[in-house]
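TrEMBL annotations:
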- 116-138: transmembrane segment (TRANSMEM)
- 202-223: transmembrane segment (TRANSMEM)
- 300-321: transmembrane segment (TRANSMEM)
- 333-362: transmembrane segment (TRANSMEM)
- 374-394: transmembrane segment (TRANSMEM)
- 419-529: domain 'TMC' (DOMAIN)
- 428-448: transmembrane segment (TRANSMEM)
- 489-510: transmembrane segment (TRANSMEM)
- 531-552: transmembrane segment (TRANSMEM)
- 591-617: transmembrane segment (TRANSMEM)
- 654-720: region 'Disordered' (REGION)
- 679-689: compositional bias 'Pro residues' (COMPBIAS)
Amino acid sequence: MLRQWSVQAPGAPEPEPAGEELWEQEMERLCSSQEPVRVLPYAMVDKRFIRQLREPEGVKTSCWQQWRHGQQTAGRRLGEAARRLARGCGLWEGALYEIGGLFGTGIQSYFTFLRFLLLLNLLTLLLTTSFILLPLTWLRPPDRGPALNFTLQCPGGHQPQTGVPKFNNLLWNVLTGRAFNNTYLFYGAYRAGPESSSIYSIRLAYFLSPLACLLLCFCGILRRMVKGLPQKMFLGQDYRSPLSAKVFSSWDFCIQGQEAATIKKHEISNEFKVELEEGRHLLMVQHQTRAQRACHLLTYLRVNTLIGILVVGAISAIFWATKYSQDNKEESLFLLLQYLPPGVIALVNFLGPLLFVFLVQLENYPPNTEVNLTLIWCVVLKLASLGMFSFSLGQTVLCIGRNKTSCESYGYNACDYQCWEDSVGEELYKLSIFNFLLMVAFTFLVSLPRRLLVERFSGRFWAWLDREEFLLPKNVLDIVEGQTVTWMGLFYCPLLPVLNSIFVFLTFYIKKYTLLRNSRPSPRPFRASSSIFFFQLVLILGLLLAAVPLGYVVSSIRSSWDCGLFTNYSAPWQVVPELVALRLPPPSQRILHYLGSHAFSFPLLILLSLVLTVCVSQSQASARAIRGLRKQLVWQVQEKWHLVDDLSRLLPEPGSGDSLGPESPHSRGSRPRYFCPGFPCPGSPGPRAPRPEHSFEDPAGLRGVPVPAPRFRFPSGAEL
């Protein structure tokens, strides 16, 4: 609330009683309100006056109230200091500020997304270490016993294989994961004794840890996505600050260093570019003819049909590459076949975004829509690729959709995979390693030489080639793919988050080097608000893609008979009813059986439907309230402009001898007049109509006095 002294001409009548009543009501509301003084929208002088009204000098507070007030103040200051320290010591804060200033908030959102993924991986690693590795080390699992003597019914006298041929090259064994087969990196190295003789169930912890990690990651992503929703909703065309506000209020006058000033200049410049680009596209859309709209629709259909055909072809190539690699494990070219599926997936994901960016640009969308639409198609390609890769592995290892003798007897292809969990874990491990190595190779073997050649030579060809553009959809696609592979491997490769954390940490610095040295800024900058929301949406889709196969495996697939924790179980899920029967008393067992029955499911479904109905109704009511508040905000701005117009009519022209200046505040009375009844206060009624005795034609009530022309222009509805 701006501090205003009453302005009136000499001999003017006192304000109306309605204004006095409004002022008194506002003072009573502020005195009786429990809202902290520090959050009130008033100046410091007004806040001190409000505090004096709430705590008069003659009234003494009790010791308990003083102590509680002191504790609250100390706790608030300690919390603020802790938040400032956390922001100051946050990971990559300086680098993120530099990137945001030089390249805009859209590129900065990608690096912020990398930091968020690193925190998710560290949280997953913390849960796995706390509930599996530390108890397993403390309990000292039993040694591996002699191999079980099973006679497999393999067709044609085919003997069971250990999975892959053996090679003595240590580097190759590290790249394929076979060097870690007997470590806790893979499922097969985990062992535990009978459940009846153990005080802590390693099997239950191993079964629940991946599910708990996925659930926590889902909650974190959902919270971050919902947190970004209001920002995305309010930055539409109906509620935008004018460009003039950015021109006159964007500079930070606390900046002292030259480097910080340069970054701030680039940041303001990028904001202006975004505003002007969005305004240009909006104006172009408004002036489109019907024929131009029809041509745009045909272009949209043609481009998206072509993109859909490319996605189907890429999925088919991944399926046949994975099938061929698994069916020809004994060939002499096995060294190349090991990385055939990851190679095809990497090739598809490298060429796909480039083609998508080129095709989507033909539709002439605004920068935000262009990035989001390209990101959607890239995500469809990536998730479909990983889904087809999982299905082809399941068809080969678990005989999904195939009829084989060993599958009918053991539930999986026991003739070729004695420990099928380790085989699936190795495939996911190789996919994660290959993606990171490909990113490093592309940075230092393609981007860096390209930049050196462009800087060294001059000519039409090198000017056309130029440095590469930092494609946000492709880079987001790569890190989402790595995170999805990590989630898919939580059951087969529990320590895969360690590798992914290292890869994300190194990726930040490699991508920063690429952005600052090898790339050129995008000619069409865009906002980060909608991109952040889409990043989280893409990550949730990847999480769901990883959760569906994991849920199917732990509930329906027979575990390996030769390795792991669940050798004697028809499925890992069976450890839960066994522990319920062993550890819980009969009343608790009956309660759990009731919670899992249909008698509980149907009332729960009805209750959830009611809760969902209430939430939807509340959301609609909140939307209506937001629309009303927007209108009220416009009304308040209009009333302030009317008051400024009144004031401009009262003030004399520059150079005139007479002055109608403000009256001294001491002549009005002892009470302060900081809160002007003319301006709308929080909790005050809506805009007032102009009083008849103080109209625009004769604002001061002075007949015969010449009224100067207004010096302030009332803004139009479009400007508001």
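Each residue, glycine too, has its Cβ placed from N, Cα and C.
TrEMBL entries are annotated by machine, without manual review.
The stretch from 202-223, 333-362, 531-552 that makes the most Cβ contacts under 8 Å with the transmembrane segment (116-138) is 202-223. When Cβ distances are compared across the two stretches, the transmembrane segment (374-394) makes contact with the transmembrane segment (531-552), since 3 or more pairs at least 6 residues apart fall below 8 angstroms. Confidence annotation: the domain 'TMC' (419-529) carries a mean pLDDT of 87 in the model. If one looks beyond the transmembrane segment (531-552) by at least 6 residues along the same chain, the residues whose Cβ comes under 8 Å of a Cβ in the stretch are 106, 109-110, 112-113, 117, 210-211, 214, 217-218, 221-222, 224-225, 228-229, 232, 368, 371-372, 375-376, 379, 382-383, 386-387, 390, 394, 472, 476, 480-481, 483-484, 487-488, 490-491. Here the domain 'TMC' (419-529) is broken down by DSSP into helix, strand and coil counts: 84 helix, 4 strand, 23 coil.
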